[in-house]
Amino acid sequence: SVPLEVQDWLTVTFARKKEAYSIKPEDQPSIRTISYAVQASVLVKRMFRTPTSASGLAYPEKVIAAFKDIDKWDFDVFALNETCEGHSLKYLMCDLFNKYDLLRQFKIPITCLISFASALEVGYSKHQNPYHNVMHATDVTQTVHCIMLHTGMMHWFTDLEILAILFSTSIHDYEHTGTTNHFHVRTRSEMALLYNDKSVLENHHVSAVYQLMQNEDMNILVNLTNEEWRELRRLVIEMVLATDMSNHFQQMKYLKHVLKYKLMSMIVHAADISHPSKPWKLHQQWANALMDEFFKQGDKEAELGLPISPLCDRGTTNIAETQIGFIDVIVKPIFSLIIEAAEKIVEPLIYEAFETGCSSSRDSGYFSGGVGASQVRRGGAKAPGQGRSSVSRPQPLPSLPGRRVFASPEL
């Protein structure tokens, strides 16, 4: 629905060309690549497909009964595996791939999915492990579905990302040897030598599965575009390698660090493109100034005999359409993301400050009349336990449907 001229501008502005090697024409960045990033920050209304016999796999009555609890946190994988006679992963993959409509979205042949899932089960049973086996893969896959469903994250991820998540959980311990990475390194196993002692098992899981899909009968990714295939592989490698427990605390530390500084950068970036969120009187002036600057560039390009850049041709550019496209694709998603981040990060801090009276001197905006926690402790105002009428609870701001964001009362 984005105007073509806006699509061209997005592609030119946001798609970075790889310089390490030449890009084939069919591999050129496109609006579809950008749409993955955009969709990742926009809530979508995802509805589960109703399970039907059209999935191509006959479900025994006992399996159908077991799947009635598929959305529950206490789902019994052991009982399912017994009911399925050891084929719990195959039935679960077919059910979830159908449930999330991945079979249709990515044109996955059901026969390929069944063959692929069956081969995974063989690989999981290769070493007869008590723990890292088919039931473990089934449990992790069902659990990640449960997390996405009950947290609402299923509405945040793109279809490709959901495919990557379910694919990763299904394969994440394929052909596990029942021994640790440390054991492989100490014994100088063939795997350890192959992967240079780095996430030995995790690298094998991914590599062996992609080798498995070289068989046409098992290639469930056969109908993905080049862009989808590359992005899926990148996500799968990242997620499966992240299951290496030796990286656990490093990942936690890195995530906390990245989230903080990414949020800082995002706030500055949002402010930089914020004029469409301002009152019309202000936005109109900023939009006119921006388009005037674009048109001047277009005039210079015309004088130099260069192709006029997207949105820079004063004779053909529809200002209203470009602004609507810019708001829908760029501005609205980033402000929605900031609102979401504020809800998750700031609200607990505000209530902690309110409940304990502990706050830095910079937190004065969280209390009515600019009274900060330091003043509360000095007796300049009543402490929370001494009559809380002096302290205003943060009030909810208008935001996205179903969401609450809290800020100081004066905001």
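Glycine too: its Cβ is placed from the backbone N, Cα and C atoms.
Quick look at what TrEMBL lists:
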- 55-411: domain 'PDEase' (DOMAIN)
- His132: active site, proton donor (ACT_SITE)
- His132, Asn133, Val134, Met135, His136, Asp173, Asp272, Gln323: AMP binding site (BINDING)
- His136, His172, Asp173, Asp272: Zn(2+) 1 binding site (BINDING)
- Asp173: Zn(2+) 2 binding site (BINDING)
- 369-411: region 'Disordered' (REGION)
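All features noted in TrEMBL, drawn onto the structure.
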residue	record	Cβ contacts under 8 Å, 6 or more apart
His132	active site, proton donor	Tyr124, Asp173, His176, Gly178
Asn133	AMP binding site	Tyr124, Ser125, His176
Val134	AMP binding site	Asn81, Gly86, His87, Ser88, Leu89, Leu120, Glu121, Tyr124, Ser125
Met135	AMP binding site	Val77, Phe78, Asn81, Ser88
His136	AMP binding site	Tyr124, Asp173
His172	Zn(2+) 1 binding site	Ala137, Val140, Glu202, His205, Met239, Val240, Thr243
Asp272	AMP binding site	none
Gln323	AMP binding site	Pro276, Ala287
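In this model, the domain 'PDEase' (55-411) carries an average pLDDT of 82. Spread of the AMP binding residues is 53 Å (greatest Cα-Cα distance among His132, Asn133, Val134, Met135, His136, Asp173, Asp272, Gln323).
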